[in-house]
Amino acid sequence: MTPSDARPMTASSLADVVDVLAGHRLAALTGAGVSTDSGIPDYRGPDSPQRTPMTFQQFVGDAAFRRHYWARNHVGWRHVNRTLPNAGHRALAALEDRGVVTGVITQNVDLLHEAAGSRNVVDLHGRYDRVLCLGCGRVIPRAELADRLDALNPGFVEQVQQVGDVEIAPDADAVIEQTAHFVVADCAACGGMLKPDIVYFGETVPRARVEQAFALVDAADALLVAGSSLSVQSGLRFVRHAAQRGMPVVVVNRGATRGDRYAAVTLDAGTSETLSDLAETLPAPPHRTAAH
Ligand SMILES: [Zn+2]
């Protein structure tokens, strides 16, 4: 059965998912829905408030915007730094241990797959714990920048935490009103503009990383999408690619996704429960004897 002759089934059961995936080596593609049970809100989820994402052009083009961004991020990143992987992350790591999952492509920047023990992970949209200089390309740990921002803005974090009005967003920013006097740090090496090592709207994913992700899909024989509405092209292209190669695609997500039309099965469900069930149910795939 290939996706082209399979009719997408909506509101399928876990048994349908198992039927499609059993015996296959799976590439996993994950999004914000996988991390909601770790306390990181999914701003694209069905129950989420509308929120306009920041664009790369806003960030580089507007000093006031950038100051506001860094002030929020300076508080928010500590929250992400303290979050823990949930049952869904652990299930994918367990499936990789057993040879069912060959690797994870994630649109999340929270590093929770790595924290759960997944080894073959492509952080498609970057990682919250690194900062990139747009001038010289130098990458520094976010913790190093935190020390510098603390020195430039003594008492800022404590002040904000007293207000107690910190909304945490997936890209590690937190909504704060009084950021007008926040002092932003530039690159210590070249004085260039620093940006979180995260791919924003209006940016493209670095080519080498995209190729790494395609290779991960090509090394598998089915694609499991978990917790993503696939609303951005950077993730959707892997679903299209898998479908074009005749690989079965399964989508587990709360709410409809842009990838549903490519899926053999879609399951409207939470990822923590579903991935845990799959970790218990899916058999290890047979050793590959020939190319298919
Ligand atoms: Zn620099």
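Quick reminder: no glycine exception, Cβ is built from N, Cα and C everywhere.
Unlike curated entries, TrEMBL annotations are predicted automatically.
The annotation active site, proton acceptor is assigned in TrEMBL to His125. Shown in sequence order, Thr106, Gln107, Asn108, Val109, Ile198, Val199, Val205, Ser234 are the residues of the chain, 6+ apart in sequence, with a C-beta less than 8 angstroms from the C-beta of His125 (active site, proton acceptor).
Per TrEMBL, NAD(+) binding site is recorded for Gln107, Asn108, Val109, Asp110, Gly227, Ser228, Ser229, Asn253, Arg254, Gly255, Thr271.
Annotated Zn(2+) binding site per TrEMBL: Cys133, Cys136, Cys187, Cys190, in sequence order. DSSP classifies Cys190 (Zn(2+) binding site) as coil under the three-state reduction. Within the same chain, residues at least six positions away from Cys190 (Zn(2+) binding site) with a Cβ under 8 Å of its Cβ are Cys133, Gly135, Cys136, Arg138.
The domain 'Deacetylase sirtuin-type' feature in TrEMBL is assigned to 7-285.
When the binding-site residues Cys187, Gly227 are compared by the number of other CB atoms within 10 angstroms of each CB, Cys187 has the fewest. A separation of roughly 39 Å, to the nearest angstrom, links the Cα atoms of Thr271 (NAD(+) binding site) and Cys187 (Zn(2+) binding site). Highlighted here would be the recorded positions (Gln107, Val109, His125, Gly227, Arg254, Thr271) whose C-beta falls below 6 Å from ligand 1, but none qualifies.
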